[in-house]
Each structure stands twice: as C-alpha cells, then as structure tokens.
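Here the structure is laid out as structure tokens; the discussion comes afterwards.
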C-alpha cells in the first residue's frame, strides 16, 4: 500500500468508524486503496467570477475517478470585491484570504486528503488557495473559472469596450447623463467570469501559469468559451498522475514547493511587471512565498522592476485591450515567450505538465509552435452574448494577434516602455517601500509634487473628492486603512475612480497605506509601509505638507525636516493608548476583524499574520 496520507483514515481496524463514514459518502472497499483528491471549489451565486463553477467541480471529479482516484469536493467562501467596494464590506476582503487559506488547510488535513485541484477565480480566492497549497505542500493543480468577456456598447456612434471601472467612473461623473450611465452599467459586465481587464483576479490567474501550477491558457481563456472545458478535464486526469508520482514513486518534483520555486516566483513577478498587473499581486506573492518558506521580498521585486520592460498593456491602463485580446495574442505564454527571448526569465523551472520553460514555449508560444490545435485554442474569442453559463460558445477570432510591434503583446524591441508596469518606491514615510502601478500613470505625472490633503478614512476622502475639496495639484493621503489600521486594508477604487470623474485623474496623486483594486489607474501609490497603525511615518503627515513623488528614480519624500518629524512622533506617542489611531473616525469593527488586526503585518510582509506573536 503506498503511503498515502488518506491511509490514516482508510486502513487499520481502529479506523472502522472512519471507514463507516466514508462508506456513507459512497466509497466502497475498492476505493480504500486509491488516493483521495480534494476538489477545492469556490462556487457562489454572489460573485460573477464564481457563479458558473457549480458543475465544474463535478466535471473534475469525474475525471479524477476515471483516472483511478477518489474525488471529494468542498467549497470555500468567495468575496466579490466589486460588490464589497465603497462600504464597510471591503474591510472583509483581504482578511478573507487568510480565512480561505485556513479553511482549505482545515478540510484537507482534517480528512487527510492526498492532493487537490483548486477551482478558483476572483481576487482573494486564488491567493488564499495558493497560500494553502504551498503551506500543505501536497500535489495540486489550479484551474480558474476564466475571465469575463469585455463589455461593449455604442456611444457617439462608436462601439467601445467597457468593464466594471467604466461603470463606476461614469456613475459618479456629473457630466454624464442618467441614460448614458445606465447604458454603461448594463453593458459593462456581460458574462460570467472574472472582470475583463488586467485586474487582480486575472493577474493572479496569469501568475499561477508562471508559477507552474496551472496549465497554459488558464489566465486568459474566456470563461464562456467551450475550449476552457478541456482545462478542467485535463486537471482531473493530471492530478492523479502527479499524486501517484509523489506517493508511489517518491517523486518530490510533483510537489508545489518544488514547482513554485524561488526561480518560478521571480518569473511570476517578472511577468506581472511586464504585463502591468494589479499591485495586489505583490501582496499575494509575498504571502505565498512565506508559506513556501521562500526568501522572496520587496527587495527582490524592486530589483526586477528596474530591469523588466512593459510588454503588454491592458485595461485599466488602456481601453483598447482586455483579457480576450491578451488571449488572442498568445496569453501568458505569449508574454513569457517575449520575456524569454529578452533573457529575462529563469529557464530551469517546470510546470504541472512536467514541461520545462523551453519545452512549454516550444509547444504553446504562438510565435514558435507548429501545433495547429494550440493556435486554434488561442483564437478562442468572445461571443458578445449575455450569459452565466460556462463553455456556452465556440466563437473564434479569424486570426491570431502575432504583431509584436504594434499588437497587444510586444517584443522587447517594441516595448510599451523600457520601465515595467509596477515599481517600488522608498522614502522618509515609506521606509519599507510602497507600490505604484506605473502602467496606469500618465507620463506627464511620473514626477509630481504637491500639498497633502490628509484623510483618516476612505469615506472622508470620497466625500472630499465629490464635494470639490480636492483640487488639481493636491496629494490625497488616506491613512489608517492598512491591514491593522483599517482593519483589512481596503481597496481605494472609489477614490481613484471619483478623481477621474471630477476631471482630476491626471492632476492629483493619491497615497495610502491601504491598497488599490486591480482596476485602479492614475498616480495611485499604495501599500505604504510601515502603515500608520504600526507607527509608520505616514501617520505624521499634516495638511499642507509638500510631498514629492519621483517614479523614474524610485523615490517618495515628505518635505519636512527630520527634527519636525521627530517632534510630531513624540506628540503622537504622548497620546498613550490612542497613539497611532485615527483621531476622528467612528467605525464599528467586529470581533472577527479585530482578531485579524491583532496579528496583521504591514503590506511589505504581504499583510500576513505575524507568527512571532503566537510563538511561531
């Protein structure tokens, strides 16, 4: 009998009770010698990115059992950041990542499962499952629900592409008519799937490809397209092979920590920078690396950001391209191919298919492959039909986008910019760094200096922006919204969207110890570390202080003397128990969120829990 983890509950006379319960789930004597594989689903009717997942777990389970395994499905929670946005619900989004990771650990370890297929999709679900996978270190394959089709509507006699962010911006723009706002709202999110731009969900699903834990096409193949079904069928078959390789052949190369190595993490971050992914991916990669016991830090990200160019530009950084266009251009593998030809990737990595990076590129890079089936898969396109059904259409682009000079994905020679889409800035109130999505910053404001307008909650900042109290040239500072201070590190999509609505998108900066939605663009600097609630110097900024931002030189500076900052710190400490807390904010915080805050670290550590507080 192979040394399967599940043998703990399926073998031995003393496990008669456990076997009796397994039998009640449908298992038979023949099943007790097979690996038990958890199908970790995240179906919910609350989230368009997950509304179509109900039957997909069964699809995977059937393949697992046909290949000689026993499949057992369970679900995690899934928070929709877009619906939770702009009110107290956003306090729960980032903490849900830890809850998801823990719930996967609880279920898998409580029942001694041997391996997992993780069916994820949206913002915190993929990271939570990724953290759990690297924590547990048992064979795993990720297969996500896939991206939503881009919205489309006709405005001023022109067909334009839309997404969730457009609905937010137009809904708050006083110059937009009610009828146009309603038209955009009804058109922005037409199908099931994760929101159609390079937002957090799609960024993370792309990164699982670069980490080697999902199959080619996972990050870009539309949720509605019939071709996506094959990813689920393959995952069910392949996970049984990986499981048997590890348990029966003692092949540790099948384990996620050996696939998602430090070299793979560097490749994933390189991809993220090149494609202008969400800043949230920085948080999640840092957190996942800690679970894998990999020394991967903000310093590594900073080094990569200084040498990786931007080779792909997608909404929200441009409305020309959405995920369906990235797929047509070759998807994640297409971007990795250009990065490899530029000499920017670690080649000694493998994926869950057992392929090295060169082998993967040879087979799946549209610029290299001779496989017509692969080319056909990357021509999978949108149908433009409203639906919540997976695999419901089989439309295809007439041609691939293989124009590496002017297309969606560019070669090094024709890069959108020599600097990548993300940058780490350091300065006297961001000693441990902060993050900006440079892909979404207009060239005219890469260097920016202005007076601070300080707010101690997102709500106050939104009220000020919509009330006309923020003017061109201002630097909006929103603090005490970090992991501990919020708690929960809210996304600031509404403040950044409303700045655009008020015509200030290229005239103001926004700085926060909170974070941003993947849908954010503009001069939006987040993850300021240490956060205000941890004694960070962002808590010392006062209205009118000049703040200088210098993205090309990776700097951010509060133009106040060291002596003055020391005096302000002394005054803050003199507040005693009230030190490093908001002065005028009333916010009801539940016990669950207070428990999260008590262990939360700042963003530069991935906003994970501080194990040292538990003696770990």
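Positions of Cβ are set from backbone N, Cα and C atoms, glycine also.
Straight from Swiss-Prot, the features:
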- 81, 123, 124, 491: Mg(2+) binding site (BINDING)
- 122, 195: [2Fe-2S] cluster binding site (BINDING)
- 124: N6-carboxylysine (MOD_RES)
- 517: active site, proton acceptor (ACT_SITE)
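Counting every protein chain shown, the Cβ of residue 517 (active site, proton acceptor) has 30 other Cβ atoms within 10 Å. Take the CB of residue 491 (Mg(2+) binding site) and look out to 10 A: across all protein chains shown you find 32 other CB atoms.
Sequence-distant contacts of residue 123 (Mg(2+) binding site), defined as residues of its own chain at least six apart whose C-beta falls under 8 angstroms from its C-beta, comprise 79, 81, 93, 199, 200, 201, 204, 280, 518. For the binding-site residues shown (122, 195), fewest C-beta neighbours within 10 angstroms: 122. Residue 124 (Mg(2+) binding site) sits 12 Å from residue 517 (active site, proton acceptor), taking the C-alpha atoms as the reference points. The two recorded residues, residue 195 ([2Fe-2S] cluster binding site) and residue 517 (active site, proton acceptor), have Cα atoms 11 Å apart. Residue 491 (Mg(2+) binding site) sits 5 Å from residue 517 (active site, proton acceptor), counting Cα to Cα.
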